[in-house]
Structures are given as C-alpha cells and as structure tokens.
Amino acid sequence: MSELPVVTIYTDGACSGNPGPGGWGAILKFGDKEKELNGGERHTTNNQMELMAAISALEALKKPCTVDLYTDSQYVRQGITGWIHGWKRNGWRTADKKPVKNVELWQRLDAALKAHQVRWHWVKGHAGHPENERADQLARDGIVKARLQQRVAE
C-alpha cells in the first residue's frame with residue numbers, strides 16, 4: 001500500500017464582535033504547492049469560525065492524506081482530540097448533560113476527518129508564526145467579505 005500524501009494546514013478564525021461578522025482562513029501546503037482559502041459569515045462567533053477554517057481545509061482535500069493541522073484555537077484542538085469522544089458517547093451532550101455548542105460544526109469536522117490521518121498541533125496566535133499570521137489575515141479578509149455580503153443583502 002502506498003503512503004498517503006502529506007499536507008500541512010494552517011487555520012485561523014476571527015470575529016468582529018462575538019457574536020458578529022466573522023471570517024476564517026486556511027493555508028494548505030503540499031510539496032511546493034500552496035492553496036489559500038477563506039470565507040465569512042454575517043453573524044457568527046470566533047469559535048464557529050475557528051471550526052469552519054479546519055472543516056473547509058479538510059473538505060478541500062480531494063483524496064485521503066496525512067495531515068498536520070496547525071490551529072491557534074485550544075477550543076478546536078482540545079475539542080477534537082479529547083472532548084469529542086465523551087460528547088459522542090453522551091449523545092452529543094457535555095459532561096453536565098447540556099447540548100454541545102456548535103454541534104453541527106463538530107459533527108461536520110468529525111465527518112471531514114474520516115478519510116484522513118490528522119495530527120493536531122497548537123500554535124500560539126499573534127506570536128509571529130508566518131503561516132498563522134497569514135491565516136489570520138485571510139480570516140480578517142473573510143470578515144470584510146461577510147460585511148460586503150451583508151451590505152448587498154440589505
């Protein structure tokens with residue numbers, strides 16, 4: 001069996017107000033190829049945008065890969081590497097029996113992982129890490145897109 005291609009992904013989410021207009025950004029690197037993705041929502045939260053960055057990046061992969069995914073969100077990293085197992089056992093409820101927040105996004109992220117071998121990494125945000133800074137800029141650009149869409153819709 002051949003080895004899976006290795007892809008490195010950097011993600012970030014941002015929100016102007018929480019909730020408020022938000023954006024997400026992702027950088028996918030495969031060998032010497034690089035792809036940037038971003039998007040936004042008119043009314044969202046920072047955690048939702050952090051999740052959307054990871055979901056969108058993983059869903060963009062066209063075949064199974066080994067993925068090193070870097071996020072500055074402890075919420076995403078801890079949620080997907082730890083908390084999610086208990087949530088699934090408890091019918092998507094927290095330890096104190098409350099519904100998991102952002103459950104649709106967590107379920108979508110869980111589904112996006114199935115085809116891949118993902119190693120999750122945390123990187124300190126706003127600490128000069130070039131790819132994280134670029135993902136942050138893409139996320140902020142996503143906020144601008146969301147605001148423009150809002151103006152067009154009004």
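The backbone N, Cα and C atoms fix where each Cβ goes, glycine too.
Among the candidates Asp12, Asp32, Asp96, the one that Swiss-Prot lists alongside Glu50, Asp72 as binding Mg(2+) 1 is Asp12.
When the Cα atoms are compared, Asp12 (Mg(2+) 2 binding site) and Asp72 (Mg(2+) 1 binding site) turn out to be 7 Å apart. In this structure, Asp12 (Mg(2+) 2 binding site) is part of a beta strand by DSSP. Within 8 Å of the centroid defined by the CB atoms of Asp12, Glu50, Asp72, the record's Mg(2+) 1 site, lie the Cβ atoms of Thr11, Gly13, Ala14, Met49, Ala53, Thr71, Ser73, Val76, Gly125, Asn132, Ala135, Asp136, Ala139, excluding the listed residues themselves. Non-local contacts of Asp72 (Mg(2+) 1 binding site) by the CB criterion (under 8 A, 6+ apart in sequence, same chain) comprise Asp12, Trp122, Val123, Lys124, Gly125, His126, Asn132. Of the recorded residues, Glu50 (Mg(2+) 1 binding site) and Asp136 (Mg(2+) 2 binding site) place their C-alpha atoms 10 Å from one another.
Neighbour density for Asp136 (Mg(2+) 2 binding site): within 10 A of its CB lie 21 other CB atoms from the protein chains shown.
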